[in-house]
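Asks: Attaching a single structure in C-alpha cells format; questions to follow.
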C-alpha cells in the first residue's frame with residue numbers, strides 16, 4: 001500500500017517553549033550564544049555544534065553546507081575543513097560568510113555574519129592532532145569537492161596514506177581552520193501565533209554591540 005500524499009503546505013507547528021526579551025538577554029552576543037549552545041547541549045539536541053555555513057563564489061552564486069563548530073571565543077567562531085574544497089576556494093575569493101545554528105527541539109535559531117580568516121598553523125596542528133587516527137588519514141584521502149570515479153578511490157587513498165604515515169599522519173597543508181569574526185548576530189526564539197522574538201546585535205565603531213528587536 002502506497003503512503004498517502006503529504007500536504008506540505010499544511011505542516012505547521014505552534015512554538016511555545018520559551019521567550020526572548022531584552023531584559024533577560026545578555027548585552028554581549030557571545031555570552032548569549034554561549035548560554036544557548038550550552039542549553040542545547042544540556043537538552044541533548046543532536047549535534048548541537050552543527051551549523052550551516054554560507055559562502056558566495058565569484059559569480060555571486062551562494063552555496064551552503066553543514067560544518068561543526070570546534071571552538072569560539074571573543075575572536076570568533078572556529079571550524080576546520082579542506083582549504084581546497086568549494087567553501088575554501090570561495091572564502092579565498094570573498095572572505096565574508098554567514099553561519100546559522102538551528103536547534104529545532106528548543107525552537108531557536110542563531111544567525112552570525114562576518115569576515116573569515118584562517119586560524120594559525122599552530123591552532124590547526126593542535127586540533128588536527130586531537131582527532132581520531134581514521135579522521136586524520138581521511139583528511140589526506142579525500143580530495144574534497146573533486147569528482148571521483150567511485151568510492152573505491154577513497155578506500156584506496158585511505159589505505160595508501162595509512163600505510164605511509166602509520167600512526168603519525170601530519171596535518172595536510174591543504175587542511176586547517178577558519179575563524180569567522182562576527183559583526184552581526186541574530187537570535188530567534190519561536191513564539192505562539194508566529195509572533196516570534198528576534199534580537200539583532202550589530203557591532204559598533206567603538207567595539208560595543210547595539211541590541212535591537214526586529215519584527216519576525
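One-based numbering along the chain as shown.
The backbone N, Cα and C atoms fix where each Cβ goes, glycine too.
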Asks: Which residue of 59, 70 does Swiss-Prot report at the same substrate site as 12, 13, 14, 15, 127, 131, 135, 194, 195, 196?
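Replies: Substrate site check in Swiss-Prot: besides 12, 13, 14, 15, 127, 131, 135, 194, 195, 196, the record includes 70 out of 59, 70.
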Asks: Going by Swiss-Prot, 65, 66, 67, 68, 69, 70, 80, 81, 86, 87, 144, 145, 188 bind FMN; tell me which of 136, 151, 179, 198 is listed for that site too.
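Replies: Of the residues offered, the record points to 198.
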Asks: Can you tell me the CA-to-CA distance separating residue 70 (substrate binding site) and residue 80 (FMN binding site), as a whole number of Å?
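Replies: That separation, Cα to Cα, works out to 7 Å.
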Asks: Identify, in sequence order, the residues in the chain of residue 80 (FMN binding site) that are 6 or more apart from it along the sequence and have a CB within less than 8 Å of its CB; answer 'none' if there are none.
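Replies: Residues satisfying the criterion: 70, 124, 127, 128, 175, 176, 177, 178.
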Asks: For the binding-site residues listed here (12, 65, 70, 194, 196), which one has the lowest count of neighbouring CB atoms within 10 Å of its own CB?
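Replies: If we count Cβ atoms within 10 Å for the binding-site residues 12, 65, 70, 194, 196, the smallest count is at 12.
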